[in-house]
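*Asks:* Before I ask anything, let me first share the structure, which is written out below as structure tokens.
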């Protein structure tokens, strides 16, 4: 071994060995139970950030641990390569998106390899590869023929900056999730996948995913939003039209005081004819998005149409209002408004002076107070005709039956979930494989013409997709009639590619099919790792896509991911100065000097360049916008990959936020250097005799017990609890104990325990710091590489103790500690405690009233 810890040399040596041996190539025929570990693949933005490093280190530690358990492990890596940033970069730098993307992939692949992740690189692909997205196009045409794909003109969220449609999930606080632009409503022809056909299965199967965080399952349940209610019809006075509405609260039907219409509703358009004020209001409503969360928080506005709706049970006429909070895409574009029992309706009615009529009360004796807000709980009906006096639950059933009997409504199930709009008016995405023929309509591209290849040598200038200006791309002939036709110029939502990539990794080299029998061998993924921000986007779409592929006969399993780990964010301090224009200039923590008080708490900060103060902001997620990121490459260059890996696993449990600390990174480096030195000095001391447990003295026996206690703890922490930080802490404690023992120049028998302890520490650290342990394992005398070694086993006999330590308290205060035989009973413990000199100093002259013995732990003496 080298005299000093040289990370760069050690890591190059280990990686060279893994490459030569093809250590991480997954083989279907290999013995052992399969284990498929997958971290969400990255968008090739150009460089790894610390969030990537944390995510992929967690996955790599789990993969390497499972390999040490004898399992046949698959851990692949690829690239989620389509998306808007490539187009933005093309406009900014004049580089085609394809070239920008592939150059970034080269850079990031090198960074991942430098970190020593155990990926099977033979399975690598990028979603922008035509041989990948051809199968996505192929499946789309199958779904079209099944009726699971359809096209309709829909009111959509339009991002005016990115010039594309956004799914509701991609609108955050009324703004586009990438551009930050205020979203508008537009009517655009769109392609949709019928995810609602799978709503019940997607909902019910959540109960079969106990390995998922309950928070994620709850988010999906809420997003799917199954509800049981009634669809009912309000006639329009003086019109042949009826308005169909859906309600989960038919028990409040007698409290309806107005009906709300979506601005896009045909009746609203009719009311606006010859009414410029109404036309302006409807146009103004279209400036907001159609995301439900944003509708809920915006100011409620409306206009009276002058039309009246006829109550289906009482015949009462109530006003019809156009309201900006009613969505055409939800229900039927109309809502029955019950201000007394719905807070949104109450706010609207209060603003415009509409009636508020309570018809449900907390009890028969207690009236609902709706002067300050709606009463939204269940209760007892009043002023509701024949249904007065019924509890809400009974009234819902009875009123539903009444409406059905009159032919004015029906009980039904509804969902918040909408069909998935997958059309995007962008260039850098997979082309939608449809052809528009004047004679035949929409026609899918035949299998023999797939893939529809995205032309890569184009100029991206903004203002929408360049495909619509490329006759060479869109001019084609109809597959059915042979006439002139036009190719679809929209591309798939990029969530399409990430909805099935995990399955393609099982058979990435398959040229003749989307998937083959290897998909059933590897799927479902045993451990999936990624951020909770994907709970209702990627994770729901992937579950849906898995069921589509199953029903196409491509695989047999029902769910894609057996277990899900949602890792916490990497967070760091932020510093800024206010600009004159109200904006902020953000400074990287490395540019700032922080002054701290005597307890180490930050009190002020100055910029190193000029010595002037900066404002200490919140501790936030590392981001470019806040300039509080740390470059992983700089850390690797300075400390080595193993230090970066060790720090990310030690700083916090994987599901919690990791607060960045430069000093803790330095501490991780010092520990690895100390561990390396322990092995080096031990090896330099010469040959080690075989372990003879019978010949060990008490000190060696205690050290051996520490070794096996550490193995037991680490096995549980890494294998079951995923609390890698506590496993690392246990190894650090063990190394401290080994270092103390080594300093005492141990005998031959004790050196055998040192050998056993260093081997155990090496094996436990191997998944976390694989490079230095590769070198140390060989130095400890092993012919096989540590990558092929098994996880250490606990010797239960080593855990037994001849003596135990008991804490002795007098009146609840610690007064002494006793060493007793491990088999000492309560009486012996009590007698020893009362006879102890230290204890007697506190019981002398007092009467012992009670002695409480907790076996193996403590004795508490009550005396006064």
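Cβ atoms here come from the backbone N, Cα and C positions, even for glycine.
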*Asks:* From 42-52, 53-63, 64-74, which range did Swiss-Prot mark with motif ''HIGH' region'?
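*Replies:* That would be 42-52, per the motif ''HIGH' region' entry in Swiss-Prot.
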*Asks:* Which of these ranges is annotated motif ''KMSKS' region' in Swiss-Prot: 616-620, 621-625, 626-630, 631-635?
*Replies:* 621-625
*Asks:* What is the total of other Cβ atoms whose distance to the Cβ of residue 624 (ATP binding site) is within 10 Å?
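*Replies:* Its Cβ has 10 other Cβ atoms within 10 Å.
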*Asks:* Tally of helix, strand and coil residues over the motif ''HIGH' region' (42-52) according to DSSP?
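*Replies:* Helix/strand/coil tally for the motif ''HIGH' region' (42-52): 3 helix, 0 strand, 8 coil.
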*Asks:* Between 0 and 100, where does the mean pLDDT of the motif ''HIGH' region' (42-52) sit?
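*Replies:* Looking only at the motif ''HIGH' region' (42-52), pLDDT averages out to 94.
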